[in-house]
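**Student:** Below is the structure I would like to discuss, written out as structure tokens.
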Amino acid sequence: MRLHVADHPLVAHKLTVLRDKKTPSPTFRQLVDELVTLLAYEATRDVHTDTVQIETPVAVTTGVKLADPRPLVVPILRAGLGMLDGMTRLLPTAEVGFLGMQRDETTLEAITYANRLPDDVSGRQCFLLDPMLATGGTLVAAIDYLLARGARDVTAVCLLAAPEGIEVVEKFVGDRADVKIVVAAVDERLNEKAYIVPGLGDAGDRLYGIV
Ligand code: URA
């Protein structure tokens, strides 16, 4: 497994505003969108392309276009939905699947309540969107769904990760697939309620309110 921490002053600035508990939902949503676009730039560094020949107004030249099969972007509902536009803006040819997952706050196990994924994703680059990599339970379950459908190239885009969660994902993946995590920052630890410290609180609630 590969871990990429986006080290950029703009990422750090936007993340600081996100962390601030005084930041209201509309600003939070806007900043998540902007931050994901910056992370998507890193996450798509190895995206598959084909060579094409084109004609500029001046000469014939070769360039690249995004290759087939199209990449698959999978936001993990609910909070991952806030990351979807930022990702597809940079990856316009992507198809979008959905996984609805929530953690049982007592057992901390991931429960799946919605699953809209293609049956076969072999040969496709898959991008999972989940803002908070905390215990790793949700991300492991999501990666497992993709591996079971044939994926071998999975990139998870997260805003924040806890060291505990990274370790869990790393142990689960082993050498079964090429899995990369792109994250804006790795925080200190999890607290007793499995929230990331210092973190930014409940990402879903901060995006959409408590419903
Ligand atoms: N999910 C969140 O939204 N926040 C955390 O800190 C951990 C999990």
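Note: Cβ is positioned from N, Cα and C throughout, glycine not excepted.
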**Student:** Which one of Arg103, Arg116, Arg152, Arg176 goes with Arg78, Asp130, Pro131, Met132, Leu133, Ala134, Thr135, Gly136, Gly137, Thr138, Asp202 at the 5-phospho-alpha-D-ribose 1-diphosphate site, as TrEMBL has it?
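**Tutor:** Between Arg103, Arg116, Arg152, Arg176, TrEMBL records just one in the 5-phospho-alpha-D-ribose 1-diphosphate site with Arg78, Asp130, Pro131, Met132, Leu133, Ala134, Thr135, Gly136, Gly137, Thr138, Asp202, namely Arg103.
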**Student:** Whole-number Å only: compute the distance from the Cα of Ile196 (uracil binding site) to the Cα of Thr138 (5-phospho-alpha-D-ribose 1-diphosphate binding site).
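**Tutor:** So the alpha carbons of Ile196 (uracil binding site) and Thr138 (5-phospho-alpha-D-ribose 1-diphosphate binding site) sit roughly 14 Å from each other.
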**Student:** Under a criterion of Cβ-Cβ distance under 8 Å and sequence separation of at least 6, what residues of the same chain contact Met132 (5-phospho-alpha-D-ribose 1-diphosphate binding site)?
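**Tutor:** Once residues fewer than 6 apart are set aside, Met132 (5-phospho-alpha-D-ribose 1-diphosphate binding site) is near Ala79, Cys158, Leu159, Leu160, Ala161, Ile196, Gly199, Leu200, Ala203.
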**Student:** Please list, in sequence order, every residue of the chain apart from Ile196, Gly201, Asp202, Ala203 whose Cβ lies within 8 Å of the Cβ centroid of the uracil site.
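**Tutor:** Here the nearby residues are Pro131, Met132, Tyr195, Gly199, Leu200, Gly204, Asp205, Arg206.
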